[in-house]
Amino acid sequence: MNIVLMGLPGAGKGTQADKIVEKYAIPHISTGDMFRAAIKEGTELGLQAKSFMDQGALVPDEVTIGIVRERLAKPDCEKGFLLDGFPRTVPQAEALDSILADLGKAIEHTLNIQVEKDELIARLSGRRICKTCGASYHLIFNPPAEEGKCDKDGGELYTRADDNPDTVANRLEVNMKQAQPLLDFYQAKGVLTNIDGQQDINKVFADLDALLQSSRS
């Protein structure tokens, strides 16, 4: 079962990824994890990636794709994998198809967790931090007992600059524009399924699970 998991920030992608890999016993492969593992193993591509990361530069596609190739060829991917954070562009998706073809595989499912923009803004801008102790709250998911005050020490709660609703909205707009060509690519290949991410976490997983189960039978 070879899966690409997509979704905008705040859609709950990480939560659902954890549930899928636990249920289906496949590796959860994120770009960051791949880079860290390649660097730790001291591979040639890992060292190349590190040199770019140390400079604060983006790792070029050819290095990233090489690391993906090495990762997907490992034995734990034999029965499938879940890719998270890769591919990000159509050229990367085309390179992924080429890698998988060499391995006698293909992407079977691209799962896109959809949440309305207003809901994403509410989720992402609801975080509040205590000025005194740094404790984190969320107005929707983990609100303080008393509005504006930390439960632990009564410290004032504040909103970080990058959690400001306008900043969040702008960030989402950029992400949406970047994601659309990739969604179109997988739609054209007939492997894209949009999942309603505004439901309860367990209901979202039930929908994902039903889809994956039906494709196995």
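Just so you know, glycine gets a Cβ as well, placed from its N, Cα and C.
Going through Gln199, Gln213 against Swiss-Prot, the one listed in the ATP site together with Gly10, Ala11, Gly12, Lys13, Gly14, Thr15, Arg127, Ser136, Tyr137 turns out to be Gln199. Long-range contacts of the region 'NMP' (30-59) within its own chain (CB-CB distance under 8 A, at least 6 residues past either end) are made by residues 66-68, 70-71, 84-86. Counting only the Cα atoms, the space from Gly10 (ATP binding site) to Arg88 (AMP binding site) is about 17 angstrom. Across the region 'LID' (126-163), DSSP assigns 3 helix, 12 strand, 23 coil. Averaged across the region 'NMP' (30-59), pLDDT for the predicted model comes to 93. The shortest Cα-Cα distance between Ala57 (AMP binding site) and any of the binding-site residues Gly12, Cys133, Tyr137, Cys150, Asp153 is the one to Gly12. Among the listed binding-site residues, namely Gly10, Gly12, the Cβ with the most fellow Cβ atoms inside 10 Å is that of Gly10.
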